[in-house]
Amino acid sequence: MLKKREVIFDSLLITAGFSLLIFSCIRYGLRIDIKLFSLLLVIMLILDNLGIKYTDIKLSISPVITIASFLIYGTESSTLLAVLSIMIETIFFRKKIKNGFLNGAMFSITYITAGHIYELLGGKFGQFSLNQLKYIIIYVLASFVINYFILYYALKFQGKMLFKKYWTESSILELVSYFVMIPFAIFFANVYLKYGTYIFFYHVIPLILLAYFIKAFRDLYKANQRLNALYEMVKIINSKLDLDKTLEAIVYETEKVVTVSGIAIYLKDENGFLVNEKIKCSDEAKSAFKDVYMNNEGLIGKAVYEGKSVIIDNLKRDKYYFDRNISDYFDSAIVVPIKNTDKIIGCLSVFQNEVNAFDGESLKIMEALSEQSSIAIMNAKRYFEIRKKSITDPLTKTYNRRFFDQILHNSITKSAEDKMPVSLIMLDVDKFKNINDTYGHVIGDIVLCEIASRIKSCVRNNDIVARYGGEEFSVILPNLTAEQACVIAERIRYEVSSKPIKTDVGDITITVSAGVADYPNKAESAEKLISHADRALYAGCKTKGRDRVAVYEI
């Protein structure tokens, strides 16, 4: 449906734009000096090719010639010049035929409408006075607003972005640059009107040189940014050990050196599947990316499967890498594998909303970033594994006693700050010694692991389950009173006792007892909380028959 609307809108825009241009040229005629017209066309093409990319737009000095030709020729002739320039630049230099016709139609409507507003308000051609400056400013402002108004609907029918998102810093900069160019345009128009074509040409040469030096400076600046980005990546390797923060930093540094509409980082899990770890793009475009890609699945899966960097100029037309979901939102892409030595551990991908958006230089930058990213990611993963081992009980895979003590103190502090309770459940496996004595420690370990698994299945994601020691477990429950925690303790007791544990020596039925206390109602410190929950466990359960839950009473 969206595609059909886009086709209808594009057809109407092209028809309306070129019909208006042809009608206006026939109705009002063309005032063209072929030599000057040809010279202006060549100059505009040169200036457009010396333009610089800034976020989502291309900034160029060519509007100086557009405005100057408007003051010299009038509406129709200057519009024809602008239309020919944008179509030649888009179709022949950028190889975008459809966009060439769309841009030509948009320029036709924009400049003819703005030109007639200029004439209607009293603006004149072929002469200039300070009194006319306000009309020139109105012409520039009108052409800018009309152009963006049409662009808004073009983007809307493509389903790409909303107007408020497109009206960014770059668009404001573009408008400001137009106003800055007005005095230069007036100067060149006056030079031609007073001295003719040849003198005009000699005065335009410095403008072309200025555009060249601006582009050269911009290229140098971008090269410096790329070096800085790589330097920052090296700093990340030595400073950030949290994986999520590392990935955020990689995205940030990538955006600094490559103009993108979207970035995706996928990392392989233990099964070799590519898992979505970090996506940055518009909210609507996030649906283009799957949470998990299998090997050789979709654009990302295929690129990683082949193990080499891929640059795709047109996602909709590339038959091999075609991915319907991604191509609905983006037009070109680079996918670079992230390698640890020779092993692929994931991929770094960037996307743009226009075809042919990336070149060989962009690919080299991405490969350099990927190489540095690999080191940073592996460091973060190793730290995570080491950290995980240091806080985890190796047998039951619950947290260990040291981490439990740390978290409990932190929970008490936070509870005091937030004025919210925190509860503690102390659990003990009933008659566990008999199991070890009867079946041996190997079976005892299996029983402990199964009990730990059942405890974790009964609690919330933010609750902390730890092996307190031997056959004892503890559960920290933030924001729950003892009475609320008692419900969870009862759930754990039932889950453990209701189903026998299957082992090599047969099914073993086991029970647990639990003591519950909370802060600050029944304890004033972490130590007291442990002591009171433990007392509830032994005084309220062990001495009264086991397989039960007791709450500490003051």
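From the backbone N, Cα and C atoms, a Cβ is placed for every residue, glycine too.
Here's what TrEMBL has on this protein:
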type	residues	note
DOMAIN	420-554	domain 'GGDEF'
TRANSMEM	12-30	transmembrane segment
TRANSMEM	61-88	transmembrane segment
TRANSMEM	100-121	transmembrane segment
TRANSMEM	133-155	transmembrane segment
TRANSMEM	175-193	transmembrane segment
TRANSMEM	199-217	transmembrane segment
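For the domain 'GGDEF' (420-554), the DSSP-based tally of helix, strand and coil residues reads 61 helix, 38 strand, 36 coil. Sequence-distant contacts of the transmembrane segment (175-193) (same chain, six or more residues past either end, CB-CB distance under 8 Å): 36, 59, 61, 63-68, 71-72, 126-128, 133, 136-137, 140-141, 144, 199-200, 203-204, 207. In terms of C-beta pairs under 8 Å, the stretch of 12-30, 61-88, 100-121, 133-155 lying closest in packing to the transmembrane segment (199-217) is 61-88. Proximity of distant same-chain residues to the transmembrane segment (61-88), defined by a Cβ-Cβ separation under 8 Å and at least 6 residues beyond the stretch ends, is recorded for 21, 24-25, 28-32, 36-37, 40-41, 43-45, 47-48, 50-51, 100-101, 103-104, 107-108, 111-112, 115-116, 118-119, 125-126, 128, 136, 139-140, 177-178, 181-182, 184-186, 188-189, 192-193, 207, 210-211, 214.
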